[in-house]
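Features as listed in TrEMBL:
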ACT_SITE  CYS237  active site, nucleophile
BINDING   CYS128, CYS129, CYS211, CYS214  [4Fe-4S] cluster binding site
DOMAIN    51-217  domain 'Phosphoadenosine phosphosulphate reductase'
Amino acid sequence: MSSTGTPTSTRRSPDELRALAAAGAAELDEASADEVIAWVARNFGAEAAAVACSMADAVLPHTVSRRLPGVDVLFLDTGYHFAQTHDTRGDVARLLPVRIVDVLPERTVTEQDAEHGSELFARDPNLCCALRKVDPLHRVLGGYEVWFTGVRRDEAPTRANTPLIAWDERNGLVKVNPLAAWSFEDILDYAGTHNVPVNPLMAQGYPSIGCAPCTKPVAEGDDPRSGRWASLAKTECGLHL
Ligand code: SF4
């Protein structure tokens with residue numbers, strides 16, 4: 001199923017959610033991914049939760065939907081994705097018990113080009129990411145109480161201290177990173193064992209997959225995120241700062 005909408009459930013107050021995040025973080029310091037997801041299922045339920053997914057692999061939607069069937073999976077449809085990424089999105093929609101929510105920027109690529117000039121990603125990638133990823137995600141997250149991300153500590157030094165559960169001040173909801181302690185090999189093992197959809201680019205040197213103009217393959221053993229904005233100082237799109 002595809003949608004650009006948001007759920008309409010009654011939201012608890014930011015103070016209540018912030019307190020819940022603190023309690024969960026204290027309770028689940030060294031918990032497994034499944035224990036973290038079970039905590040969300042007990043305290044929120046599927047209606048209040050969203051799963052962010054880049055469609056590099058579907059391990060996060062798979063693990064979450066086992067406890068929260070019907071959960072929304074947010075796909076940031078920037079207009080710049082590889083064809084393989086759209087194919088993987090289709091596989092996830094077809095094979096997993098989730099609802100895909102296509103999160104769209106306010107402007108199409110053509111409209112953005114008319115306003116800012118073509119190839120904004122090459123001249124001002126921070127603005128391009130803000131317009132096509134960060135702002136649209138912020139808007140859609142306002143309809144939820146908790147969101148899951150696939151951020152892992154082994155992806156980059158900037159992610160080494162990623163907590164399992166935290167309060168997301170910028171977006172005003174609980175942020176859960178159940179795979180924080182997993183390695184890239186753990187992801188591949190889980191995907192193979194459970195027959196989870198994986199973007200075919202992963203086997204072609206792309207351990208981290210974003211928009212096509214800003215993603216290059218990396219050599220074996222290199223920083224998995226070194227192929228993102230490879231010729232620029234930028235290392236993060238801004239979703240997880
Ligand atoms: Fe734009 Fe590149 Fe960011 Fe995609 S990753 S939104 S193309 S700057």
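FYI, residue positions are counted from 1 along the chain as it appears here.
Glycine is treated like the rest: Cβ placed from N, Cα and C.
What TrEMBL says about a protein is an automatic prediction, not a curated fact.
Annotation for CYS128 ([4Fe-4S] cluster binding site): same-chain Cβ neighbours under 8 Å, separated by at least 6 residues, are GLN112, LEU120, PHE121. CYS128 ([4Fe-4S] cluster binding site) falls within a helix when secondary structure is assigned with DSSP.
Secondary structure at CYS211 ([4Fe-4S] cluster binding site), as computed by DSSP, is coil.
Taking the Cβ of CYS211 ([4Fe-4S] cluster binding site) as reference, residues of its chain lying under 8 Å away and at least six apart in sequence are, in sequence order, THR78, TYR80, HIS81, PHE121, ARG132. Annotation: CYS129 carries the greatest number of neighbouring Cβ atoms among the binding-site residues CYS129, CYS214 [cut-off 10 Å, Cβ to Cβ]. On the 0 to 100 pLDDT scale, the domain 'Phosphoadenosine phosphosulphate reductase' (51-217) averages 95 in the predicted structure.
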